[in-house]
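Colleague: To start, I am sharing the structure in question, which I have written as structure tokens.
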């Protein structure tokens, strides 16, 4: 009897002369020294010696830190120093660097701790004819190891033998792909039988040739050579690091990839650098602020140089000026650098650190939001990229997967088509009789009929499910929810899959007795094949090929015409009800035909270089001349609140595109069920399979839009049509068509096509933000292509979650994530950035206005040590609390009114004019504070001696007023005033008084670092009644300026709105018309106008996923089909005319 064969698994030992040499060759026993990397891993960035230099090197790669370091150097130079040669700007710079370094160190210590735990785990390694405990980090390529039940695999290991007599073991891969179902691995019979005695391990001599290390976890090709016997190795024999052994007492294997060459380490996500739209805009404004600083400093330096040149003869004697000092070029350079130091705070030194801390705290609030917690799977929202928080509030396009994202991905078997007859109605199974994943009711169905038995038997044989016995009950473990539903359906009708025996034969329980089917070959499903095939030997000795897959790939392989038309009608009806469909086909094979094909198959699986290609060619060779067995229809229900969420986001101005692999009809009905499509929309369908047809369909859609600009449109496009539409000659037309649609539904699209669609919008509309959301590995490309990627933890694993920027458990949570957290983060962070520049411009501009009174001679006005505390203590904490806790309105209100989301879509809070309004306000207030203080405090006597207060006292007044005003500004922009936020504002102002008291009241005069004439200045200031009058006046003007600016903004927005309304209609028409040649417009517009109504204007009649009827007759009503026939006839008559 021929040995059973599983794909890539030789059932018998075979000598081959067609071997392919690969790059990695492992000899057992391994020679010394071992040329491969050890198993120790390190994900940390630093160690004790490298932390300081490496972290500083990284920190000073930031432009802002380099800028302030240069300023510190200028403070050391006597000619330019404003601090007597002391680089006191290093105080805030050091604080910023220390905070960042501490954060980096904490994060790195977490990684290091995790590394140590991993490296110090123990494993049994074969040493000197016995098993010895060894740390994971000491394991090397070629070592023979033994792993016991429930332990993790320390490296990527080739399975040699297991405690199971069949050589089978079960592994759990949830740490790799998130799937909790067990997967079986199978040792080759040669190695299993050879190593049934462990003492044979000590004399084992073999050579393994395999692929170079690569990140493909489902791909492995290798060859084991032992005593002129060659054994092909595939992923069936590869046990990956990160997975664990289950339901098997032990396994023995050889390590082939270790350390950072293991597949899990090669798949470790590299840090993706993504910048939010707000950060990009901020960086642009920083450039303009720096240019503004250069221009002001240059103006001041030029003015002083000219002034000095005109007055040097009058001032040379008493200022001790030399000719060198009065050289214009020398004076200009010195004054330019001096003014640069005075204006050092133009660029906020603490902005980046403040923003980073605030976003981190915002991420904690998102992660701890109980309304984003999903109890059934114990999952809260996750934040992997907190720097994109504000982007969530500016999303213009959402690209969504369907299965598992909009739907539950919990499949239920609903209907079948056998011999052209459809079975299954809309009733539900009696709960007392219901089994998981089956909800089929139809008393007409007879599972004992010959055609039904063949159909059900194929469901029980054609799959990759494994069984696990728990408490005497057989449980199915499947990687696909569809397969779980199909196998459970066969069980429901009395054809029960019972697992596999020691020879890997398939056991099926039929009418109470076990029947054995020999599994000869299995070619698994993948996203390219869209089908799976098994070849089995029936109990009577006949060989059968059984195939199941998507109708688009199965129909061309069916040669028989029997029941084709009726089955097609049934499939269309299933799709119209939103059900997922599969076709089943089969054919008989002669023994001689199979033997010839299997010989080629055995050779193909030994060809390590071209194995997959050759197997695909062999599959094409044998999957022909099939006969139709039947079709299945499975229901995947929508998740809770999906329709409401989509409707809310669409009304908020977000365009939603659903990208799915389903049939067009299925996708359309699901689109209506989830409110992506509504009856008011005119549908434009692009499903052609030829370039000319696709081009015509796109043009038809554009012309329809031109004829009915007031209507809303939805685009439905197939993957096959998309391939042609993305060609250069049609790409722009497709883009115009899609941009003018309120909804887009892409059907039968591949994972790469999903990413291409996202990139199409990203490239064409660089100013808008895109978001992709999905739950499976096939969504990873799409998630990575968007500005913001959302992963949903579903039944398809956690690849999408690992690749995402944010993770949630349900699609409906997207509403709060975007409309509450995203919107509020955008609003707060916009004001945070503007405020940081506002407070720094306000503290800087008085120096410029003081220059008008001192010939722009770069006089030091503020105490340079007190000045360094401004960004650290006096004006930092209140705005931080604002950015984390402020609420413009209650969250329930934000979730009930979609209009509030437009705040981020418009982006008005951080447009250039809005940013410079803040700068202008700061400049006006700085001017007011300086002149009022100088001409009040500086020209009046606050002393009993009658002396006028000096410049230091005036400086204290200006500085203190600004500290008060910037904290009052936080109070004004705040919508919610918590006790702790008000307390921080008060403490920030009081801290300034405490610092003044320390420097100018407590320290003796000669102990002060500089500004000796300021001693006692605080007492003078507080004793002057003008101080309190000015503070009240400044505060009042701060409240007064804010309403004036808001009024100006309101007026500007009203004018803009009028312009938009006036031009919107014309722009829409001209944009669409530009896609069409003028000659075509007149020729086709009348015909297309008629077709747009006849084809696109019909109301939707399906009602998938809901218990309520649609807007027309139910699809199950016989009159429905009569009405459709009449409509079709009418259309034909119209076309004839």
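Along the chain as shown, residues are numbered 1 onward.
Glycine is treated like the rest: Cβ placed from N, Cα and C.
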Colleague: With TrEMBL as the source, identify the stretch among 567-597, 598-628, 629-659 annotated coiled coil.
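Modeller: Based on what TrEMBL states, coiled coil spans 598-628.
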Colleague: What same-chain residues, at least 6 away in sequence, bring their CB to under 8 Å of the CB of residue 779 (Mg(2+) binding site)?
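Modeller: Those within reach of residue 779 (Mg(2+) binding site), by Cβ under 8 Å and sequence separation of 6 or more, are 401, 405, 751, 754, 772, 773, 791, 800.
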Colleague: If we count other C-beta atoms within 10 Å, could you say which of the recorded positions 401, 775 has the fewest?
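Modeller: Counting other Cβ atoms within 10 Å of each of the recorded positions 401, 775 gives the minimum at 401.
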Colleague: What does DSSP give as the helix, strand and coil breakdown of the domain 'P-type ATPase N-terminal' (34-86)?
Modeller: 23 helix, 0 strand, 30 coil
Colleague: Where does residue 401 (active site, 4-aspartylphosphate intermediate) sit in DSSP terms: helix, strand, or coil?
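Modeller: Note: residue 401 (active site, 4-aspartylphosphate intermediate) is coil by DSSP, not helix or strand.
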Colleague: Counting across all protein chains present, how many other Cβ atoms fall within 10 Å of the Cβ of residue 403 (Mg(2+) binding site)?
Modeller: 25
Colleague: According to DSSP, which kind of secondary structure is residue 775 (Mg(2+) binding site) found in, if we only use helix, strand and coil?
Modeller: coil
